[in-house]
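If you look up Swiss-Prot, you'll see Cys310, Cys313, Cys356, Glu363 marked as [4Fe-4S] cluster binding site.
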Amino acid sequence: MNKLESPSEIDVAGPSPRHKTTQVMVGNVAVGGGAPIVVQSMTNTDTADIEGTIAQVAALSRAGSEMVRMTVDRDEAAAAVPHIRDGLRKRGITTPLIGDFHYIGHKLLADHPSCAEALDKYRINPGNVGFKDKRDKQFTDIVETAIKYGKAVRIGANWGSLDQELLTHLMEENANSAAPLDARAVTREAMVQSALLSAKRAEEIGLPKTRMVLSAKVSAVQDLIAVYQTLASRSDYAIHLGLTEAGMGSKGIVASSAALGILLQQGIGDTIRISLTPEPGGDRTLEVQVAQELLQTMGFRTFVPLVAACPGCGRTTSTTFQELARSIQDFIRDEMPNWKTQYPGVEQLNVAVMGCIVNGPGESKHADIGISLPGTGEAPAAPVFVDGKKFKTLRGPAIAQDFKALVIDYIEQRYGDAAKARAEAVSAAE
């Protein structure tokens with residue numbers, strides 16, 4: 001008889017403890033300091049297009065983005081920001097807004113105080129905040145504006161716009177070293193130093209750690225991992241993760257998930273953005289969905305009910321289970337904005353849609369509610385399991401519609417008014 005082995009490295013499953021960072025409030029959202037990892041997104045509208053930007057921020061917020069960044073690149077964009085904020089509030093949307101500033105941020109914030117006041121956080125790129133003798137003055141101007149209005153700041157170094165003076169200095173220093181590093185290693189060090197030196201300067205000006213978030217974005221996965229590991233080892237600032245220029249479609253999703261997944265597993269990261277290049281006319285909210293799915297798949301947070309579905313094989317020549325899995329998944333995601341308030345806790349629901357008898361019944365039993373559809377050559381019957389027990393068997397051409405109705409009924413019974421009434425009755429009896 002086989003015996004359970006003594007506890008070993010397999011008895012614990014989970015990420016490393018979270019890297020300890022200083023908590024920062026961005027509007028009404030806590031970042032770092034043990035707070036849940038925050039999902040961030042960015043608009044791609046012309047910020048001067050007030051109605052268009054309001055619509056996209058609203059869509060991103062509805063999809064689950066907890067902070068939204070937008071470009072503030074000229075006077076017209078800066079002037080639009082307070083109107084965007086006001087328009088969102090009229091819709092009941094209080095998602096924190098982040099202004100993305102490059103080159104002339106100091107001037108835009110000074111010339112448009114209503115913009116400075118309306119934003120919840122300013123993003124500064126130390127590589128282009130100013131050049132030569134203007135850098136310190138322009139950086140100081142932005143930081144002092146943040147102090148004046150009580151705003152948070154993200155100091156975001158970027159591989160594509162790195163501080164060239166710092167990089168040149170480190171390259172020359174490396175060339176004269178007895179054991180020089182390769183150029184990419186020096187560039188990674190420049191990324192880390194750019195962020196940390198800028199943060200130190202911001203503190204000297206008067207901005208506390210409680211208002212600072214750091215990032216150091218790279219487009220290559222291994223470089224990004226190394227940069228953030230080093231950044232985390234040298235500081236306790238809140239950290240924003242993102243793979244810059246990740247790309248389109250599956251390439252962008254895979255690259256971002258690979259890089260961020262490793263860092264998150266190591267306990268690094270307080271807020272994330274999945275920077276996907278959208279298809280022409282594509283849905284901007286996809287980046288929010290991918291970020292949520294990454295965090296939920298890794299067990300950090302729950303956003304929407306999970307739908308488990310088998311990949312299909314020669315036993316499942318019918319597309320019925322695929323169509324049902326897609327229908328259930330789309331239905332759940334579309335309804336979640338309403339369900340959040342109507343059915344508290346529904347995001348923890350697990351649904352299984354399986355395609356044949358091999359794994360179907362077992363996986364369905366592990367889910368809260370699951371169905372095992374008939375595979376090729378199997379009897380045209382689909383057993384449904386609820387809370388691990390067989391509930392009923394569906395037959396006929398309307399199996400998909402019938403199962404969807406059962407899912408809706410299960411949600412109502414477990415998370416709706418009936419569930420609340422049962423809980424209140426139990427509480428009263430005690």
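Using N, Cα and C of the backbone, Cβ positions are placed for all residues, glycine too.
If you draw a 10 Å sphere around the CB of Cys356 ([4Fe-4S] cluster binding site), it holds 22 other CB atoms from the protein chains shown. Set side by side, the binding-site residues Cys310, Cys313 differ in how many other CB atoms lie within 10 angstroms of their CB, and the most is found at Cys310.
In the shown protein chains, 19 other C-beta atoms lie within 10 A of the C-beta of Glu363 ([4Fe-4S] cluster binding site). Cys356 ([4Fe-4S] cluster binding site) carries neither a helix nor a strand DSSP state and counts as coil.
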